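Engineer: The compositional bias 'Acidic residues' annotation in Swiss-Prot covers 301-316. Sequence annotations record features per position, and here Swiss-Prot assigns N-myristoyl glycine to 2. Positions annotated as region 'D1' by Swiss-Prot, on the basis of similarity to another entry: 262-297. Look at Swiss-Prot and you will find 279-299 tagged as transmembrane segment, backed by sequence analysis.
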């Protein structure tokens, strides 16, 4: 087998160097081509009085390819056929011997058809994983020790390796999907924050005053309205012979000027010195930094102060327990009290015999 592989390796190297196919080298066509090329080069050297390098350049053949063609032997196809026949006979005898011994060996293993394969119309086979009761991998080890069929160990090993590869790919796929999903969500949030910040930087800001009282706003609106509606104004103008008012006059006024804008625009300044950097006014800077996750020192101090106030409101110090002592009672008279039913202030009577 080693000789056959060596010859094949040499054939592929010659095919790469000469530009000929491996089939041409094995069939002997390359040897005929090499002889014709050598004869043509020799003719150019002798008749044309050229050097070998000039003859190779005239025939557009490199020196490496010419040397490789000279190394091709005419007996290469015969040697390859002999080696291949010898290897084929050896491998055939080994395969025959293996098949005979496998057939004559008494097999005690039962290979019953699984119940899942009895249903030929079923497209998928249900998979039930190993139930490792003692420790992870116990069923796999016990199967290797007690349940390996020596005649089908290759297919069983292929099944185990395929299952391990599939489980690894499944876990890796889930991990990659979770990672990329989180990454996309983070980048999307960053892009949204960046878009909002650019919008707030480039937008035109105005300072306006909103009415605090709805009724006062309605009062001013109706007070500024003309006393006549548009049809009455046109009829009055037609009778007086003056130009009839139209929509533009109502919107722009009698002098053709627009009403003043009810707001003041914030002047926008560019980057100093033409640096083309991002600029923002001071009152807008905390909002932009907050979108990017940063806080100014003043804003951070205010946030910490509010958090401390909330913590103090939520935290209630435990009330001190006051130890109550028993009230001092009046002293008890040591004299024995009168327990009889008679009056304690009775007079004693003495019996005189």
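Yeah, the Cβs are placed from backbone N, Cα and C, and that goes for glycine too.
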Engineer: On the 0 to 100 pLDDT scale, where does the region 'D1' (262-297) sit on average?
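Structural biologist: Overall, the region 'D1' (262-297) comes to a mean pLDDT of 78.
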Engineer: DSSP-wise, what's the residue breakdown of the compositional bias 'Acidic residues' (301-316) into helix, strand and coil?
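Structural biologist: Secondary-structure breakdown of the compositional bias 'Acidic residues' (301-316): 14 helix, 0 strand, 2 coil.
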